[in-house]
Ligand code: AHM
Ligand code: MG
């Protein structure tokens, strides 16, 4: 059987679905950057890449060396190719401007360069999450690209995906027509299509939430999780299993593989912030992947992809995965 590489898949998409050539190029470049990040991550202590930088990002979180390295790899790979009008990242306060000497393109790339960074030093899976938007028409304006250009609801994403750096490095991708999974063949250096048209089972008996925050949750989440924990004897009449990896990529990857429900609700620790996770480069791309695989994603009250973002680093509560449980958790928020 001939192997379908990411490049071949993208060329076939260009032919059959009119995927623009510059979008194909963009995805290829992101994938190449992810290979480089995978390589840096895998070196661990031997590469001197573990530990912190001693700096904080815009969210006040301590930056790990690999957060910064991964961010730089993505910026450098993508800035010169002429396919982007700008970039934004978890690790940068403001929109990144394409340097003046390079041509500009039609797309915007938004990413979390290394998600789950609390897991880097303990050798647990981490990943890169990315989202691609079209740059709105700037009416001939040539100055710096402002944050407003990026503030588009997730329904406007033209592509989304993540790379997971685990026992295998994989790239999960959607161009809005299903979800494809590619595994990195390290000898060949290419991503090979190994998981076609991934589907999330509608029902599940597995959930993921950081239980240590229980006392801070709002009433609907308290009720829902207590029913999950009550198992067969409780109102839901079935036993549930729990997993929490603390890398969203790894938790979402498990859900795309065998179903499940992922929750990071808003809580009373920082009442002014609606949750921990970020809308533009965590929740939106993951929600597009999950919906494209037949699952659902809400913030408890509305579909995540319909939310109109108000700022680049906006937070959002997340309930995503198998449809039946996302719908149940969402219904509990309705009263
Ligand atoms: P990060 O982008 O700084 O790595 O934070 C996001 C991560 C997610 O990957 C994960 O789901 C969550 O934070 C874990 O949070 P907690 O440490 O509260 O369990
Ligand atoms: Mg993250």
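Cβ coordinates are placed from backbone N, Cα and C, and glycine is handled just like the others.
Keep in mind it's a predicted model, so treat the numbers as computed, not measured.
The Mg(2+) 2 site in TrEMBL is built from 112, 115 plus one of 282, 291, 310, namely 282.
Summary of the site annotation: TrEMBL records substrate binding at 115, 116, 117, 118, 276. Screening the candidates 78, 210, 239 against this entry identifies 210 as the one listed for that site. Within 90, 141, the residue that TrEMBL lists together with 112, 114 for binding Mg(2+) 1 is 90. Taking a Cβ cut-off of under 6 Å from any atom of ligand 2, the binding-site residues 112, 115, 276 reduce to 112, 115. In this structure, the C-alpha atom of residue 112 (Mg(2+) 1 binding site) lies 20 angstrom from that of residue 210 (substrate binding site). For residue 116 (substrate binding site) paired with residue 282 (Mg(2+) 2 binding site), the C-alpha to C-alpha distance reads 11 Å.
Cβ neighbours within 10 Å of residue 276 (substrate binding site), excluding its own Cβ and spanning all shown chains: 20. Around residue 90 (Mg(2+) 1 binding site), taking its Cβ as the centre, 25 other Cβ atoms fall within 10 Å, counting all chains. Here the binding-site residues are 117, 210; the one with the fewest Cβ atoms within 10 Å of its Cβ is 210.
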